[in-house]
Amino acid sequence: MRIWWLLLASGVCTGMVSSQDTCKQGHPGIPGNPGHNGLPGRDGRDGAKGDKGDAGEPGHPGGPGKDGMTGKKGEPGADGHVEAKGIKGDQGSRGPPGKHGPKGLVGPPGEKGLTGETGPQGQKGEKGDVGPVGPEGPEGSTGPSGPTGLLGPTGPIGKPGPKGDAGPLGPQGEPGVRGPRGWKGERGEKGKIGEMPALPKSAFTVGLTVLSKFPPSDTPIKFDRILYNEFGHYDVATGKFICHVAGVYYFTYHITVFSRNIQVSLVKNGAKVLHTKDGYTGSEDQASGGIVLPLKLGDEVWLQVTGGERFNGLFADKDDDTTFTGFLLFSSS
């Protein structure tokens, strides 16, 4: 590329000389930019054959080659010389069975074999002939008693037997005649103080509270304030007294009447036996009742409102009480 720039500069200078007859050398120009790479040239021709190179190092041994084809059978070799006995070879495979040899001599008798299993029972044989009479056997045991013979004549009277055992006690005889009065005996020693017999007991007193006042009608009143129930004969859950000691009892009730009328009944085993009725007149009032009842074991006694909710004015608070009491007067046992 630089050659082209030089030729161009020379041409310009020559033209200027011809026109002006004189030419002065100018300052060198600024170097141009490098040109682009030209196209690659064609491959050169093959050079002449070079000299033979030095021998290379031996290569690594090659792998085993494939088996060649089986060659033709060779001619028999000459007889070899007998050498020393070789090593015993491995045992060959078993050959085919040989032909049967001649029958051998009879061997000695073998030992007695084990007893064989019992064979099945054979068929019943025919009856044999009667054998000769055997010798007389020993005397047999006594046979059973024969039937009773005829009654013989009465024998002579025997000797008296031994005395028999005493017979059972006879019946009691009639009372004898009363004997004369005996003499007065001496005064005995003072006895010890005896223990008092344990008397059966049963008693309770229960009352209403602010929560249980104005009880529902036609059902046992459940008194939930326990004043006395040591023996547990009053059942708080059911409102009933249950008899655990048969006898005669006294039951009583005291009622504070307020806000409504009252009508109550004392009930024994479902039957009403005592009734009390009181009307409310605008101020507190008191009503009561009491009765003596004979009871058997398991009998039930309770108090209930009758006549509906208009007659359940049984009242209780911290200053007023409604109570139900019962206790045993005496047992019947």
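Note that Cβ sites are derived from N, Cα and C of the backbone, with glycine treated the same way.
Feature annotations, reproduced from Swiss-Prot:
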SIGNAL    1-19  signal peptide
REGION    19-196  region 'Disordered'
DOMAIN    24-82  domain 'Collagen-like 1'
COMPBIAS  26-40  compositional bias 'Low complexity'
COMPBIAS  42-57  compositional bias 'Basic and acidic residues'
COMPBIAS  59-68  compositional bias 'Gly residues'
COMPBIAS  69-88  compositional bias 'Basic and acidic residues'
DOMAIN    84-132  domain 'Collagen-like 2'
COMPBIAS  130-157  compositional bias 'Low complexity'
DOMAIN    134-193  domain 'Collagen-like 3'
COMPBIAS  183-193  compositional bias 'Basic and acidic residues'
DOMAIN    197-333  domain 'C1q'
Tally of DSSP helical, extended and coil residues in the compositional bias 'Low complexity' (26-40): 0 helix, 0 strand, 15 coil
Mean predicted confidence [pLDDT] for the domain 'C1q' (197-333): 96
Structural state census, the domain 'Collagen-like 3' (134-193) (DSSP three-state): 0 helix, 0 strand, 60 coil
The domain 'C1q' (197-333), counted residue by residue under DSSP: helix, strand, coil: 3 helix, 76 strand, 58 coil
